[in-house]
Structure formats: C-alpha cells, structure tokens
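What follows is one structure encoded as structure tokens, with my remarks underneath.
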Amino acid sequence: MGFEELLEQVGGFGPFQLRNLALLALPRILLPLHFLLPVFLAAVPAHRCALPGTPANLSFQDAWLEAYLPREADGTFSSCLRFTHPQAVPNITLGREGRSPGDLQGNRSSMPCTQGWEYDRSEFSSTIATEWDLVCEQKDLSRAASTFFFVGVLVGAVAFGYLSDRFGRRRLLLVAYVSALVLGLASAASVSYVMFAITRTLTGSALAGFTIIVMPLELEWLDVEHRIVAGVLSSTFWTGGVMLLALVGYLIRDWRWLLLAVTLPLAPGILSLWWVPESARWLLTQGRVEEAQRYLLRCARLNGRPVPQDGLSREALSEVAAGERVVRRPSYLDLFRTPRLRHISLCCMVVWFGVNFSYYGQSLAVSGLGLNVYQTQLLFGAVELPSKLLVYLSVRHAGRRLTQAGTLMGAALALGIRLLVASERSSWSTALAVMGKGFSEAAFTTAYLFTSELYPTVLRQTGMGLTALVGRLGGSLAPLAALLDGVWLSLPKLAYGGIALLAACTALLLPETRRAQLPETIQDVERKSLQEEEMAMKQVQT
C-alpha cells in the first residue's frame, strides 16, 4: 500500500484540507506585500536641488527656480543640477536685499546639488529615496533594493528546500515566520542604507521559506484529483495580496510604517502553526510512524471517514514508510541524464526565467502611466483575476503548450506596441501596460501547471525546484534591467518584451500534456518521446 491509498482512506479532499488551505493562505497573501513593496518603499518622487533663501512668496518661486536651475530638453527643471551662479531673470525683484536676478552675474555653468534635495511629498511622505537621498548619482541604489531582496529569495530558496526535506516542513515554516518577522522589524528600524540592504536581503531569504514550503505542505495532503483546483484557489490569495498592497500603500505614506504594516501580520501567522499539520508523507519517509498516524487519524476524523482498525495501524504504516524510504532520493543531475528530460529541463528553465523577468519587470514599473501609483497597483492586481479565468479556459481547450506560448507572446506584444505609442501617459499606453501585466500573470499561472505535468512523479519536486530557482534569478535581474533607461528610455521595455518573446518560442518546443497521463518515471518520459518520434516518422512517410 502506498501513501495515495492512505489518503483515499482518510479523505484526500475535505474539511481537513480546506482548513489547511485557509491556515496557509496568510503567507500567500503576505508574499506579494513584500515582493512588490519596492513599488512604494523605493519610489523616487519629483525632486530638485535645495536652494539657498528660497522665497516664501509663491508668486516669485518660479522666477527664483529659473535663476538657479537649468532646464532639461523637455522643458522641466533639472532634478540633479543647479547653476554655479544664479542667472539673470529680467524685471523680477527677489530676495531679502531687494535684488533682482537680473542684477546677478555669472556664467551658465552647472554643478551637482551640494545642499541636498527638496522632494515633492504630495504622493509619498517618506521613502528610502527621500530618507537617504538615493537620487541622481545614487539613484541606482534605490532600484537595487529590489535586487538585493530577490537575491535573498534566491539563496533562501536553496536553503529552505534542503532544510525542509531534512527537518520537516512545519518546523522550517516556523523558522521562516519568526526570522521574517524579526528581520522585517529590523529593516523598518534601519539607520542607514547599508543596514537596510542587508536586512532586506535576509528578509527575502526568510520569506523564500513560504514559497518553498507552503505549496508542498498543501499538496502533500491533497489527492491528485484536487491538486490543480487547490493550486488555482491558492493563487487567488496572491492576487488578493497584490490588490491589498495598493490599499495599504495608499493609507500609509511613510516607508517605515508601511514596512511595519506588512511585517506585523507575520505574528498571528506564527500562532496559526499550532493548527497546521506536518506532512504525513514526509514523516513516513523519516520513519516517524507514530506522528504520521496521529495526523492521519485527525484527518480522517475531520473528514468524517471511518477508518478500518488495521488500515492505519502502526504495522501498516511501517510498511508504507519502508516503501517510501527505499526509493532513491532524486538529484538535480537526474534532470539532465536522459535526452528527453534534458530537453524538457532546459526549455523549462528558459520559460521560467522569461516568465519571472517579464512579470516582475512590469509589476515594479507602475509610474509614468498617467495614473497615480496607487491606481496603477490596484489595476495591476485586478487584471490578474480575469487572467486566471483565461488560463482556466485556455488550458482546457487550446492546451498547455499553446497557452504558455500565447500568454508570453501577448506580454511581449503589449510591451512591443508600447514602444510605438508616442506618450507614456496616454490612455493607450496605460491600457497596454495593464494588458501586458495580465498576460504575464497568465503566463505565470500556466507555468506552474504546465511544468508540474511535464516532469515525472519521481522528479516533479526536483524539477519544480530547479525551474523556480532559475525563475527567481529572472526576478532578481528584472529591477536591474530598469536601469537601462539611462541608455535609452524604452530599453527596459525592449528587454522585458524580448525575453518574453524568447520564452514564448521556447515553450513551443515543449510537449503537450493536455489529456495525457502524467509520467511516473524517467522511463515513461523517454518512452513517450520515442512514441512521438515514431508517429512523426509515419506521418512523413505517408
């Protein structure tokens, strides 16, 4: 008897599993609050050099700025330079001594802002950019905050993946909760950018535990029939978090209090672990039969399933545990040992890199669309709901491969057409940005389903772990690609769209899995490949 048969006895989907999904909803909601937090946390408001003796009389301020600040090519005042000497502005009298800028002498040479900056605080009262003047020569540091965070997620994913297999999902989930809470509070109390960068990187590592542990902890208590439904249901919690971030960001305009607001809910999450069950499958692989028996009996009781006395006896569970332990632990090298599996793994790595790169690249670019940042964030969250409906319908009728390629192609086209729109603030540009975000979310949802069906059962978790790892690398590089706007304003969009297009073409190289039986072993994957080649040869001959 295997573990799937045990689940049939105690109920593979019922009140026990629904309660588990509800208890694990909190980390899914909190993840986007942290992953997309740089939209508000690291925002750079309009700014200009702080000037000496700026007049209080508003009617004279424009003339005063004209005397001190050079203009950019688009006619706006420079954000990073001021004139070395005030320039002449005719027929205007300013200053405490009654001088007019027309009386002031000096050439038109400029210099950096030596007295700091003044910021437009109408949208944000405080961000890390205004806190530590991360503008002009230091602007890259503001954008790099996202990269530091995602690098932490990348490292944490590797660590939590290994440790949760060794010490258990529930115990490591507690570690993730506590460490994320402590490090999040430390980030909010940062006294320097260096301290903030370090604590945010470590916070990313801690939160990676949620991404690695929560999904297996849900799926390992579900029967095969309900795993896809549960996966789609769980993904809506992420969408809820995306929209919730818009509300929280709107209500809290100071970055320290905002960081506290998204960190403190981790505390009740720690308490909720009292009711979260450990994975009985993992317990059996470790030979901890008594604990597994206790959780399985609890599952049967909550699901209202009468269990035969010998069905969950220690002897029966010991036999299952022995069967689970004799299976050789898979390694990442197994994903590349055979031709077909190597092909699938390499293609999935490209697809996941493209999906993450385009998703986070667009999700973090919420300024300059003709709406304020809060409206844009809400729109970006709301469009994810119809995106999930699109995926649900498309994978059933068009198939997984075409859906994956089509959604990535849609994201690439939306980004490409935006390059042709004259104004970023036009309604067309805004609509295309929302469409691109919707397609990238649809590609993300499809990738989870498609990838899980491509890998055989013995390597499914290993394959998902590898592709997720490469995907997080794409998420780490996405904020850095935004720095390319210093070379050409549209270059970041070209990068996001180009990578999405490459991933779309790569997805077409993957085999279709619609209505196909899931492979159990590596041999099943290779055997299917040979069958497809034989069918292709017959079609060519006929």
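The backbone N, Cα and C atoms fix where each Cβ goes, and this holds for glycine too.
Bear in mind that the values here come from a model prediction, so they are computed numbers and not experimental data.
Swiss-Prot lists 21-41 (among others) with the feature transmembrane segment.
The feature transmembrane segment is assigned by Swiss-Prot to 144-164 (among others), with sequence analysis given as support.
Summarising the annotation, Swiss-Prot assigns transmembrane segment to 178-198 (among others) and lists sequence analysis as the type of evidence.
Per Swiss-Prot, the feature transmembrane segment maps to 202-222 (among others); the stated evidence is sequence analysis.
Under 8 Å from some Cβ of the transmembrane segment (228-248) lie the Cβ atoms of residues 13, 17, 21, 24-25, 28-33, 36-37, 39-40, 214-215, 218-219, 222, 258, 261-262, 363, 374-375, 377-378, 380-382, 384-385, 388, 392, 441, 445, 448-449, all in the same chain and six or more residues away from its ends. The feature transmembrane segment is assigned by Swiss-Prot to 228-248 (among others).
Per Swiss-Prot, transmembrane segment is recorded for 257-277 (among others), and the stated evidence type is sequence analysis. Distant neighbours of the transmembrane segment (257-277): 16, 19-20, 23-24, 26-27, 30, 33-34, 37, 40-41, 170, 173-174, 177-178, 180-181, 184-185, 187-188, 217, 221, 245, 248-249, 295, 298-299; these residues of the same chain sit at least 6 beyond its ends, with a Cβ under 8 Å from one of its Cβ atoms.
The transmembrane segment annotation in Swiss-Prot covers 346-366 (among others).
Under the heading transmembrane segment, Swiss-Prot lists 373-393 (among others), citing sequence analysis as support. Residues of the same chain lying 6 or more positions beyond the ends of the transmembrane segment (373-393) and with a Cβ under 8 Å from any Cβ of it are 36, 39-40, 43, 123, 232, 235-236, 238-239, 242-247, 249-250, 362-363, 366-367, 403, 407, 430, 433-435, 437-439, 441-442, 445-446, 449.
Per Swiss-Prot, transmembrane segment is recorded for 402-422 (among others), and the stated evidence type is sequence analysis.
The feature transmembrane segment is assigned by Swiss-Prot to 430-450 (among others), with sequence analysis given as support. Note on the transmembrane segment (430-450): residues 228, 231-232, 235, 239, 351-352, 355-356, 358-359, 362-363, 365, 369-371, 376, 379-380, 383-384, 386-388, 390-391, 394-395, 400-401, 403-404, 407-408, 410-411, 414-415, 417-418, 421, 467, 471, 500, 503, 510, 513 of its chain, located 6 or more positions outside it, place their CB under 8 angstroms from a CB of the stretch.
Sequence annotations record features per position, and here Swiss-Prot assigns transmembrane segment to 464-484 (among others). Sequence-remote contacts of a segment are chain residues at least 6 beyond its ends whose Cβ falls under 8 Å from one of its Cβ atoms, and for the transmembrane segment (464-484) they are 38, 140, 143-147, 150-151, 153-154, 157-158, 161, 208, 211-212, 332, 335, 345, 348-349, 351-361, 364-365, 447, 451-452, 455, 491-492, 495-496, 499.
Taken from Swiss-Prot, the feature transmembrane segment covers 491-511 (among others). Under 8 Å from some Cβ of the transmembrane segment (491-511) lie the Cβ atoms of residues 343-344, 347-348, 350-351, 353-355, 357-358, 361-362, 365, 401, 404-406, 408-409, 411-416, 418-419, 440, 443, 450, 454, 474, 478, 481-482, 484-485, 528-529, 532, all in the same chain and six or more residues away from its ends.
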Do any residues of this chain, six or more beyond the ends of the transmembrane segment (346-366), have a C-beta under 8 angstroms from a C-beta of it, and if so which?
35-36, 38-39, 146, 150, 242, 373, 376-377, 380, 404, 408, 411-412, 415, 433, 436-437, 440-441, 443-444, 447, 451, 454, 463, 466-468, 470-475, 477-479, 481-482, 492, 495-497, 499-500, 502-504, 506-507, 509-510
Residues of the same chain, at least six outside the transmembrane segment (402-422), with any C-beta under 8 angstroms of its C-beta?
351, 354-355, 358, 362, 390-391, 394-395, 428-429, 432-433, 435-436, 439-440, 442-443, 446-447, 450, 490, 493-494, 496-498, 500-501, 503-505, 507-508, 510
Give the one range among 144-164, 178-198, 202-222 whose Cβ atoms make the most pairs under 8 Å with those of the transmembrane segment (21-41).
202-222
Residues of the parent chain within Cβ reach of the transmembrane segment (202-222), under 8 Å, 6 or more residues beyond its termini:
7, 12-13, 16-17, 20-21, 24, 27-28, 30-31, 34-35, 148-157, 159-161, 164, 169-170, 172-173, 175-176, 179-180, 183-184, 187, 230-231, 234, 276-277, 279-282, 299, 461, 465, 468, 472
Mind checking which residues of the chain, 6+ beyond the ends of the transmembrane segment (144-164), have their Cβ under 8 Å from one of its Cβ atoms?
34-35, 38, 41-42, 128, 172-173, 175-176, 196-197, 200-209, 211-213, 216, 360, 364, 465, 468-469, 472-473, 475-480
